[in-house]
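Student: Would you mind keeping the following structure in view while I ask a few things?
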Amino acid sequence: MHHFDYRQDRLYAEDIDISALAEKVGTPFYVYSEATLRRHIKVFSTAFADTDALVAYSVKANPNLAVLRILASEGAGADVVSAGELTRALHAGIAPEKIVFSGVGKTTEEMEAALNAEIYQFNVESAPELEALNNIAGDLDKIAPVAIRVNPDVAAGGHDKISTGRKEDKFGVPWTNARALYARAREMQNIRIKGVDLHIGSQIADLAPFETAFEKAAGLIKDLREDGCTIERLDLGGGLGIPYGAGTIPPHPNDYAELIKRVTAPLDVQLIFEPGRMIAGNAGLLVTKLVYVKEGEARKFLIVDAAMNDLIRPALYDAHHDIIPVKRDMDAVNARYDVVGPVCESSDYIAKARNLPEMAPGEYMAIMSAGAYGASQSSQYNTRPLIPEVLVNGDKHAIIRRRPTFDEMTALEHYPDWID
Ligand code: LLP
């Protein structure tokens, strides 16, 4: 559930009229609802309130500092995948003892930063990474708390490009090598084994793949304990899907929680979760303006001022985002359109063959469910400035990322000043 609704046919973000906001801020821009962010993290945490659980929000979904600070105030931890995300999480006030570090390619500098910050857990994804972490921790005279991310070889996820738990994916340690790697880890002086980690994919719309993978992980924990390993934690990653307005409706967090409690109850472990999309996805939308209506030979196009550099999900994953007018006209006639941006690529589209009410240039539209992997995956392609992010709280709003000037966009570039 979110807080974007029509009032007398005008779309509101909480108590803010989006048309008025668009006039003030200028399109395109993202708008996030604080009440929705708080609601989502509470729904997720409450589902596990009767267990020992750490909810480590996956920063990559929406890393804006203001968003992180809201989630920190609700007690969330963070799942980070780079030194940059680690710095953001700490900056926003997330305690290091609630931060887990995932990712297949952690560099020496990143491991040093995380060890110095004394984070809760490294999710290690390969034998060479484990070796490196042991050496770096040794040099710093630290002990690295580790979970090994295992690859359960389970197919899951809303699209091929967001599936991570199959054996052909780059993620995790092959299932068949896991026990041997744990045995090696136990001998390493500066590694302390804490748990098992897995993350099988994103936008997962049914419980079956979770159940298969989590049962496998439970079996592994039993085997590891027989081998003499102390396993105190089980990190189940993120991946729970959200409704995008088309396709299947994913399970409610309560059903996901029930399954997990059933599978993990006998294990006596602390559970760690890394939800991203579920928290931020439906807490944000992208407001765009219709620039031209173009009648092509084969199709009709709505050319809008948002583009693939602002929201790349349709181009990259054929993702569906609902599009609705900011001012609704119940009598408007519908037609079938491709909604496209101004970027010079055929893949620059927001929607294809979508039934939408006829609109006039200058009117605003909202691209829904854009709070996760929207702004965080945006770029300045075509030298289009990163777009503002606006946070709404009741009848107040705040610009939490402003539009850069041309000078700011090019500030890191220089005409050559040759050095010999
Ligand atoms: N933990 C790990 C280790 C991950 O790799 C991810 C997402 C998450 C947690 C959070 O997953 P979530 O709960 O958000 O599904 N850009 C794509 C999604 C990529 C997900 C990458 N990893 C998209 O826009 O659909």
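Even glycines carry a Cβ here, placed using N, Cα and C.
What TrEMBL says about a protein is an automatic prediction, not a curated fact.
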Student: Which residue of GLY201, GLY219, GLY228, GLY239 does TrEMBL report at the same pyridoxal 5'-phosphate site as GLU274, PRO275, GLY276, ARG277, TYR373?
Tutor: GLY239
Student: Work out the three-state DSSP category of ARG313 (substrate binding site).
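Tutor: Reduced to three states, the DSSP call for ARG313 (substrate binding site) is helix.
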Student: Can you check which residues sit near GLY239 (pyridoxal 5'-phosphate binding site), meaning Cβ under 8 Å from its Cβ, same chain, 6 or more apart in sequence, and list them in order?
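Tutor: Listed in sequence order: ALA156, GLY157, HIS199, ILE200, GLY201, SER202, GLN203, ILE204, PHE210, PRO275.
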Student: Starting from GLY276 (pyridoxal 5'-phosphate binding site), work out which of the recorded positions listed here (LYS60, ARG313, TYR317, GLU345) have their Cα within 10 Å, and give them in sequence order.
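Tutor: Matched recorded positions: LYS60, sequence order.
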Student: Please determine which of the binding-site residues listed here (PRO275, GLY276) has the lowest count of neighbouring CB atoms within 10 Å.
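Tutor: Looking at the binding-site residues PRO275, GLY276, the Cβ with the fewest others within 10 Å is that of GLY276.
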